[in-house]
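Before any comments, here is the structure.
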Amino acid sequence: MDAAAELTLLEACWRTVVLGIVQGLTEFLPISSTAHLKVVPVLAGWGDPGVAVTAVIQLGSIAAVIGYFRSDLLQVCRGLARALREGDWGSPDARLGIAIAVGTLPVVVAGLLIKLFWPGYETSPLRSVASIGIVSIVMALLLALAERLGQRRKQLPSVQGLDGVVVGLAQALAIIPGVSRSGSTLTASLLFGWQRSDAARFSFLLGIPAITLAGLVELKGAFAEGSVYGPLPMLLGILSAAVVSWLAIAWLLKFLQTNSTWPFVIYRLVFGVVLLALVLANPTLG
């Protein structure tokens, strides 16, 4: 990555706004925000912004999803509070809260293990352009399989704790760049019979704790001495991610009410093939 001294404030702001737009467009669509936040800067000649910077920009996305689903979250909190008081753990709101809680555990455990035992993760081959291309193709094929085999009967009010475990394990796979958190959770949900729009809704709600924790854990690292981006550029990146994320959430929920996920399957296949072709043409891209 460029040294901090080589960037003017305007250049740093421009880069983080672009990263925020990319983050907002790709966080909630099943196409991998991590992959695009890695690939777009590399193709632009900026270098990999790193895990810390991208995790902090994700805070804009989490602000958007909390704002968008604020009424759902309030209902879940009320359902859990009522369950604690009255023992009514069978209500839809309480069950959804439990599913979100248990579904968050796998990604938290995976993140802690990587933090403790894989200090070189940020520069590992998994973050290479070639690896992201391969993973994107694999995930496209899995989403195609889910779209083909899924029965699409299950709705959000029928969610159980086991759903949280299954989809949460899929979410943990998104630590691998190119997998896509929303893509892996949507794929798992469809395979287990969820309706498309309800699967997306659960994916969004399940992602709130995971994305928030990732952003907070990396917050210190993003502003560490020697970081390319300072507070103002990072703030602009967060704001642009928030606005675009809100629009992406609203669009995807409406889109999946009447459409399939095949456009995302095709996009991910093309994206992966293009990345591999670029690496073959220019091996320095990695």
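Cβ atoms here come from the backbone N, Cα and C positions, even for glycine.
The following features are taken from Swiss-Prot:
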| type | residues | note |
| --- | --- | --- |
| TRANSMEM | 17-37 | transmembrane segment |
| TRANSMEM | 49-69 | transmembrane segment |
| TRANSMEM | 98-118 | transmembrane segment |
| TRANSMEM | 126-146 | transmembrane segment |
| TRANSMEM | 159-179 | transmembrane segment |
| TRANSMEM | 204-224 | transmembrane segment |
| TRANSMEM | 232-252 | transmembrane segment |
| TRANSMEM | 261-281 | transmembrane segment |
Any contact, the transmembrane segment (126-146) to the transmembrane segment (261-281), with at least 3 Cβ pairs under 8 A: yes
Using a Cβ cut-off of under 8 Å, list the residues of the same chain at least 6 residues beyond the transmembrane segment (159-179) that approach it. 32, 34-35, 38, 92, 95-96, 98-107, 109-111, 114, 126-127, 131-136, 139, 185, 187-189, 192, 202-203, 206-207, 210, 272
Give the nonlocal contacts of the transmembrane segment (17-37) in its own chain as ranges (CB under 8 Å, at least six residues past its ends). 44, 49, 53-54, 57-58, 60-61, 64-65, 132, 135-136, 139, 143, 174, 177-183, 186-187, 200, 203-204, 207, 211, 236-249, 252, 261, 264, 267-268, 271
Can you work out which residues elsewhere in the same chain, 6+ from the ends of the transmembrane segment (49-69), have a Cβ less than 8 Å from its Cβ atoms? 1, 15-16, 19-20, 23-24, 27-28, 33-34, 37-38, 41, 121-122, 201, 204-205, 207-208, 211-212, 214-215, 217-219, 221-222, 224, 227-229, 234, 237-243, 245-246, 249-250
Folded-back contacts onto the transmembrane segment (261-281), same chain, C-beta under 8 angstroms, at least six residues removed: 29-32, 35, 39, 43, 129-130, 132-137, 139-141, 143-144, 146-147, 178, 183, 186, 190, 196
Intrachain neighbours beyond the transmembrane segment (232-252), with Cβ under 8 angstroms and 6 or more residues off its ends: 9, 12-13, 15-17, 19-21, 23-25, 27-29, 53, 56-61, 63-65, 67-68, 200, 204, 222-223
